[in-house]
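Working notes, beginning with the structure itself.
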Amino acid sequence: MQMRDNGLGFSPITIALHWVVAALLLSIAGCGIALMFTADDAQRLGLAHTQNLLGTVLFVVSIYRLWARLSSYHPLPVGTPNPVEVIVSRSVAVGLALAMVLLPVAVWLSRAAAGVAVELPWGLAIPTLIEPSVAVQRVVDILFDIGATAFMLGFALHLFGALKNHFALGNDALKRMLGKHVEL
Ligand code: HEM
């Protein structure tokens, strides 16, 4: 099995983790929405613990993913995009991968600065390694908001690029990310 990306294609690991990360993000957002509509305390606690667990898995997977992205070749683009499009789309992809490492750290730091541990199911918790501090929490929350906004903008661009390639340009860029072998 091809373990790393090369100039000709993504590895099956990259493809699998790409969609695992997308599914984790969707599930985390789903927990957030469910939390907004749940009044029962026990259910809210269960949802919050599940959301924290999904975020922790996302963080761990994303560390590997960012390292793999930065340390292997990004395959040649499908179709004939101009160099600026290639640079922008690859930079956005790296930015998205980086955000998946930094944003969970910001959430953990913000909770720790508020004196709250990140609680997981089965009575587990991620320890708070810093002292509670209102000032630190305020700064981290601002950084989180900036990072989350940049992530949303980057993700919108990423999605636009994928849909444009698939529907407007009719090439195999999206199908390649779904596992199709594409001859370049
Ligand atoms: C429905 C949602 C998504 C679609 C349709 C999509 C589509 C794609 C496509 C078509 C590529 C291949 C680009 C190329 O050929 O160079 C790609 C790569 C990539 N995407 Fe997405 N994507 C989605 C969600 C995400 C999310 C949520 C993230 C990160 C948080 C992400 C991060 C990346 C990264 C880092 C790459 C480069 C390959 C890698 O290292 O995984 N994508 N995506």
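Every residue gets a Cβ built from N, Cα and C, even glycine.
Sequence annotations record features per position, and here TrEMBL assigns domain 'Cytochrome b561 bacterial/Ni-hydrogenase' to 10-179.
The transmembrane segment annotation in TrEMBL covers 15-38 (among others).
Residues or ranges marked as transmembrane segment by TrEMBL: 50-67 (among others).
Annotated transmembrane segment per TrEMBL: 87-105 (among others), in sequence order. Listed as Cβ neighbours of the transmembrane segment (87-105) (distance under 8 Å, sequence separation of 6 or more from its ends, same chain) are residues 21, 55-56, 58-59, 62-63, 65-66, 69-70, 74, 77, 81, 144, 147-148, 150-151, 154-155, 157-158, 161.
Among the features that TrEMBL reports, transmembrane segment is placed at 112-130 (among others). Through the fold, the transmembrane segment (112-130) approaches residues 46, 48-50, 52-53, 55-56, 136-137, 140 of its own chain, all at least 6 residues removed from its boundaries and within a Cβ separation under 8 Å.
Residues or ranges marked as transmembrane segment in TrEMBL: 142-163 (among others).
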